[in-house]
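Annotated features, as they stand in Swiss-Prot:
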- His26, His55, Glu59, Asp107: Fe cation 1 binding site (BINDING)
- Glu59, His74, His78, His102, Asp107: Fe cation 2 binding site (BINDING)
Amino acid sequence: MGFPIPDPYVWDPSFRTFYTAIDDEHKTLFDGIFHLARDDNKDNLGELRRCTGKHFLNEQVMMQASQYAGYDEHKKAHDEFIHQLDHWKGDSNWAKTWLVNHIKTIDFKYKGKI
């Protein structure tokens, strides 16, 4: 079972990881998915892909620097999301659900550890 999808689809404090840079990047991802859901076009998809790649890299660097034990599992989830974006089929509901559940399950595991 997943977490409720916010409507409107915006970041709220329930997604806070307490790492300012990560929270700011998560806000950008929410915005990117919101815009893609409103207008599924190549530009919006490209911008979401760019922001996602940057965020995942930044998060992974933080995890590696702190020798976070859940790094491999976390990176695998990131890789799967990127694969889905690279083979985009226009399912913005899938992207919305993935981000909400990823933050609240996978990302929350590193709170206070990286």
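Each residue, glycine too, has its Cβ placed from N, Cα and C.
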| query | Out of His26, His55, Glu59, the binding-site residues in the record, which is closest to His102 (Fe cation 2 binding site) when you go by Cα distance? | reply | His26
| Minimum Cβ neighbour count within 10 Å among the binding-site residues Glu59, Asp107: which residue? | Asp107
| task | Give the sequence-ordered set of same-chain residues, not counting His26, His55, Glu59, Asp107, with Cβ within 8 Å of the centre of the Cβ atoms defining the Fe cation 1 site. | result | Thr17, Ile22, Glu25, Leu29, Phe56, Asn58, Ile103
| note | Near Fe cation 2: residues not in Glu59, His74, His78, His102, Asp107 with Cβ within 8 Å of the site Cβ centroid are Phe56, Gln60, Lys75, Ala77, Ile103, Ile106
| query | How many other Cβ atoms sit within 10 Å of the Cβ of His78 (Fe cation 2 binding site)? | reply | 18
| field | Other C-beta atoms that fall within 10 angstroms of the C-beta of His55 (Fe cation 1 binding site) | value | 19
| Within 10 Å of the Cβ of His102 (Fe cation 2 binding site), how many other Cβ atoms can be counted across all chains shown? | 18
| note | Asp107 (Fe cation 1 binding site) and His74 (Fe cation 2 binding site), compared by Cα position, are separated in whole Å by 8
| message | Give me the CA-CA distance between His78 (Fe cation 2 binding site) and His55 (Fe cation 1 binding site), in Å, as a whole number. | response | 10
| task | Work out how many Å separate His55 (Fe cation 1 binding site) and His74 (Fe cation 2 binding site) at their Cα atoms, rounded off. | result | 13
| note | Students should find that the Cβ of His26 (Fe cation 1 binding site) has, within 10 Å, a number of other Cβ atoms equal to 21
| note | For His55 (Fe cation 1 binding site), the three-state DSSP class is helix
| Can you tell me how far the Cα of Glu59 (Fe cation 1 binding site) sits from the Cα of His74 (Fe cation 2 binding site), in Å? | 10
